[in-house]
Amino acid sequence: MNYLVNYCKISFYFLMSISLSLFLISLKFLLTDLVYFIEWEILSLQSMSIVMTFLFDWMSLMFMSFVLLISSLVIFYSNQYMEEDYNINRFILLVLMFVMSMMMLIISPNLISILLGWDGLGLVSYCLVIYFQNVKSYNAGMLTALSNRIGDVALLLAIAWMLNYGSWNYIFYLDMMKNNIEMMIIGGLVMLAAMTKSAQIPFSSWLPAAMAAPTPVSALVHSSTLVTAGVYLLIRFNDVLMNWWMAQFLLLVSGLTMFMAGLGA
């Protein structure tokens, strides 16, 4: 059991140290207005190439810092909360996979790589919700997975629509999206995807169901990953939504969700 406890503590210290480092770096990026855009050519075959892009600015670094901070605290809490669990190794690895999927989503300015992180969140979320392997967990996991599939379909439609413009790097088209009705459709689809991840009405039913997972998982799912993924996407597409009636619609839906959550509490 000492080995398992050390395994949790190693993950805690590792994530906490990276979180503090990223927070300090994000402050430097914010004050000096630095942005790093990195392209990594994974495969090149004659005229075809597969390029992975990463965007490092103060916003992405600060979000990664907060995600790692909350995740490290959840793992530290799991050290004692799940001390008697025989599968705690598997549990910690699933949580770390969750964090990696979220970081993949945050640093990607490309809708394809965002979809990889997005589906990674959905898959690991399903594995965590059904962790206890009983009928209640299976039903909750299926509800969580199916609710988030709607957002996946919306993101796939946005990817298909961006084929018209020759690139999936949405970061280059944000100014164009403000004045182009067709590009606003992409913003609307991304907003629909964010609503499913953030459990807004009418997709909020999966959030109480996710409590079938172990308590640390529920805290992680609710606070630092799934909900934050939707919020982060909306922040990136903020310029598009602010010039459209969808912003008022989103405000209404979020207000209704808060009201319903208050009644439920």
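Placement of Cβ uses the backbone N, Cα and C atoms for every residue, glycine included.
In Swiss-Prot this protein carries:
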- 10-30: transmembrane segment (TRANSMEM)
- 50-70: transmembrane segment (TRANSMEM)
- 92-112: transmembrane segment (TRANSMEM)
- 113-133: transmembrane segment (TRANSMEM)
- 153-173: transmembrane segment (TRANSMEM)
- 183-203: transmembrane segment (TRANSMEM)
- 215-235: transmembrane segment (TRANSMEM)
- 244-264: transmembrane segment (TRANSMEM)
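Counting C-beta pairs under 8 angstroms (sequence separation of 6 or more), the transmembrane segment (153-173) reaches the transmembrane segment (92-112) with 3 or more such pairs. Listed as Cβ neighbours of the transmembrane segment (244-264) (distance under 8 Å, sequence separation of 6 or more from its ends, same chain) are residues 184, 187-188, 191, 195, 199-201, 204, 208, 234.
Long-range contacts of the transmembrane segment (50-70) within the same chain: residues 15-16, 18-20, 22-23, 25-27, 29-30, 34-44, 99, 102-103, 106-110, 113, 169, 171, 219-220, 223-225, 228, 232, 235-236, each at least 6 residues beyond the stretch ends and with a Cβ under 8 Å from a Cβ of the stretch.
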